[in-house]
Amino acid sequence: MAVNGTALLLANVTYITVEILIGLCAIVGNVLVIWVVKLNPSLQTTTFYFIVSLALADIAVGVLVMPLAIVISLGITIQFYNCLFMTCLLLIFTHASIMSLLAIAVDRYLRVKLTVRYRRVTTQRRIWLALGLCWLVSFLVGLTPMFGWNMKLTSEHQRNVTFLSCQFSSVMRMDYMVYFSFFTWILIPLVVMCAIYLDIFYVIRNKLNQNFSSSKETGAFYGREFKTAKSLFLVLFLFAFSWLPLSIINCITYFHGEVPQIILYLGILLSHANSMMNPIVYAYKIKKFKETYLLIFKTYMICQSSDSLDSSTE
């Protein structure tokens, strides 16, 4: 019994320590992403506005979600609806990420399908509407349990409880997590995005193979689009790789019962680690990001003067 207690304590301490480290990396990395887009005029395009939206969601994970996840892991005694609201916040920014990724995929699709009309279709007003819709959907999906789909209104045991030890499973219904949050608002968008990127790659490949024009500009355009699409598909792949294990754990919990705490912790940490991955991907895969990262490092970290950025489009 004492050995189990010691192992659980060690697991809790390790989990909290890793959460803090991931949170700090996520905040610093994604603040850099926003800084890069602000500094580099060539990155101030529709796609990168959605990337900024994704970065804001990842910053929120570092600032809000991880501290709240730590509080929930400690099982602090608080009011039921306070605990429920904290768990809902954990979900809002997950869905903000998936909605931002969906917006990015749709934008790249329009870019290659409507080459000539793209700028007329993606007006500033429509971009802001799309961003607002992404966040509105995220808040509505994440806050749904506050309107009744929770353990208090559906469980006899919790109905008369005012204060409780705040645990995710104490307030959040697993049928909501599995059928609504995962199947409807994570899995279906992921499948749609994979289909979009497959079509993007198919269109670009056809355009490059057709060689219908002798213009080097056309070939260069689709070459850049192919590289950008590959980079953004990698971001999508990492999101799926990071979040699907935790969603599968939730499915196992709902259909077959509890999983070991250490497995749950690993799933949570992997999902949260996704928030610090994207800045690394951008640095390695998108040339303009790498150049601006280096500019920031030279100018602000080692106080070395650097040439200003050009405004050419990547």
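Every residue number used here counts from 1 along the chain in the order it is shown.
Just so it is clear, glycine is given a Cβ too, placed from its N, Cα and C backbone atoms.
Looking at the candidates CYS25, CYS166, CYS194, Swiss-Prot gives CYS166 as the cysteine bonded to CYS83 by a disulfide. Relative to the membrane, ARG125 and HIS256 are annotated in Swiss-Prot as lying on opposing sides. Across the topological domain 'Cytoplasmic' (199-231), the DSSP tally of helix, strand and coil residues reads 28 helix, 0 strand, 5 coil. Confidence over the topological domain 'Cytoplasmic' (38-48), given as mean pLDDT on the 0 to 100 scale, stands at 93.
The sparsest Cβ neighbourhood within 10 Å, among the listed recorded positions (ASN12, CYS83, CYS166), is found at ASN12. Taking pairs at least six residues apart, the transmembrane segment (262-284) and the transmembrane segment (15-37) share three or more Cβ pairs below 8 Å and count as touching.
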